Amino acid sequence: MSFPDGFLWGAGTSAYQIEGHHGRGESVWEVFCRRPGAVEGGGDGSRACDSFLRWREDVELVKELGLSAYRFSTGWSRVMPDGAHADPEALDHYERFTDALLEAGVEPVLTLNHWDMPSSLTWAERSSVNAFTAYAQAVADRLADRVTWWITQNEPWIIALLGYQLGLHAPGVADLGTAVKAGHHVLLGHGAAADVLHAHAGTRAGCALSLFPCDPATGSQADRAAARGSDGYVNRWYLDPLLGDGYPADMREHWERALGHGLDFIQDGDEAAIGGRSDFLGVNYYTRRVMAAAPPDPFPWKVVGPSGDVARTDEGWEINPGALRDLLAGLSGRFPGTPLMITENGGVFGDTPAHDGRVHDTRRIAYLRDHVAAVQEALDAGADVRGYLHWSLMDNFEWALGYRPRFGLVHVDYATGARTVKDSGRYYARLIAGGGTAPALPRIEAYG
Ligand code: FCB
């Protein structure tokens with residue numbers, strides 16, 4: 001079978017990771033990057049890929065790859081430097097950018113919050129929801145007449161986990177109770193922004209979740225319970241309320257036990273304000289979690305695997321396309337009527353230009369081929385998948401890991417800003433031109 005007509009083939013980036021500073025307001029990431037030791041290599045997003053200035057080149061790359069969709073984010077701290085008032089010139093920039101995509105026949109997929117919240121705000125406070133709503137309003141007023149696909153929030157769990165529970169991302173808070181509360185405010189922000197977008201005809205609003213299938217390490221009852229708990233913590237706590245089922249009871253009990261108090265920040269009416277507003281679900285998939293039982297403090301589960309000789313990216317993440325197929329099929333089975341869009345999928349492969357000036361990233365080609373095949377299998381099994389957006393269009397600032405991990409279909413030389421389409425980018429272009437059929441590449445059979 002083939003991919004459906006209108007299936008979106010794309011790639012993604014986000015503002016803080018590629019744009020460079022160039023007059024934007026201070027975001028929580030500017031502040032966080034100044035903390036000694038916060039970012040590997042001591043880097044920050046002040047220059048990144050310089051895309052704020054080189055955006056025309058980026059549009060050319062999108063065209064060269066033949067993408068039918070491009071996911072980017074409007075910089076929250078650029079649009080609203082003080083967290084409250086929109087800067088019309090920043091909106092002019094995103095309007096020019098959007099129009100250039102549309103002129104090239106490329107569907108824009110616009111993310112509102114890809115983590116660059118103005119530094120005057122914090123998700124720990126409920127008032128952040130109003131600030132986010134005002135920002136969504138400002139961007140929608142300018143662009144909702146021409147952008148169909150909107151992603152309100154990128155990865156609520158990762159924001160809560162790395163930003164507020166472990167302190168590994170901005171704003172660098174390490175407090176479990178604050179993390180659960182912040183995650184709730186992020187979801188409320190999704191609901192409010194979706195309402196703003198729905199006041200404009202033809203928009204489709206969704207939230208992008210980082211979904212990690214959770215498998216038990218053994219068939220034991222205890223490990224199966226651990227996998228179920230981890231699934232609740234990582235996936236169901238966000239999926240269920242977004243898709244209208246409210247917060248799952250087992251996880252509510254878990255949090256009340258772990259925190260030692262009730263979840264009073266979840267007010268009457270909140271779940272109704274989060275659910276039933278998603279026109280699609282954004283799926284960010286990288287790898288799975290293999291779980292075993294653990295002493296209960298604070299979580300009665302731990303990540304243990306996978307063990308053994310499995311294929312991995314250069315960041316050590318297991319490469320498992322079958323888990324993507326099962327994830328998509330499972331989501332469509334559980335939430336019929338909610339279309340899925342793969343809003344991120346990719347891996348770190350560190351290849352850089354060889355003697356011939358080209359980047360022979362054969363393992364990314366294999367990764368791409370196998371994950372697209374998994375999407376095809378999910379479609380064949382009845383999943384309603386509308387698009388595949390690879391992460392990332394180009395190498396960029398990978399948050400606390402700095403510039404070391406390379407996720408791009410396009411190589412970026414950070415000293416000069418020069419972009420070089422990698423072999424994987426060329427391969428993707430051929431795959432897209434063939435409607436998703438993998439070009440024959442007999443050389444590439446394994447991850448090597
Ligand atoms: C996701 C983020 C994205 C990028 C990839 C590798 O969690 O949404 O910005 O960092 O991981």
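Quick reminder: no glycine exception, Cβ is built from N, Cα and C everywhere.
Going through HIS114, HIS190, HIS198, HIS355 against TrEMBL, the one listed in the substrate site together with GLN17, ASN154, TYR286, TRP391, GLU398, TRP399 turns out to be HIS114.
The secondary structure of ASN154 (substrate binding site), as reduced to three states from DSSP, is extended strand. Of the chain residues outside the substrate site list GLN17, HIS114, ASN154, TYR286, TRP391, GLU398, TRP399, SER14, TRP115, GLU344, SER392, ASN396, PHE407 have their Cβ within 8 Å of the site's Cβ mean position.
Long-range Cβ neighbours of TRP391 (substrate binding site) (same chain, at least 6 residues apart, Cβ-Cβ under 8 Å): ALA11, GLY12, ASN284, GLU344, ASN345, GLY346, PHE407. Taking HIS114, TYR286, GLU398 as the binding-site residues under consideration, the smallest Cα distance to GLU155 (active site, proton donor) is found for HIS114.
For the substrate site listed in the record, the two most distant Cα atoms among GLN17, HIS114, ASN154, TYR286, TRP391, GLU398, TRP399 lie 18 Å apart.
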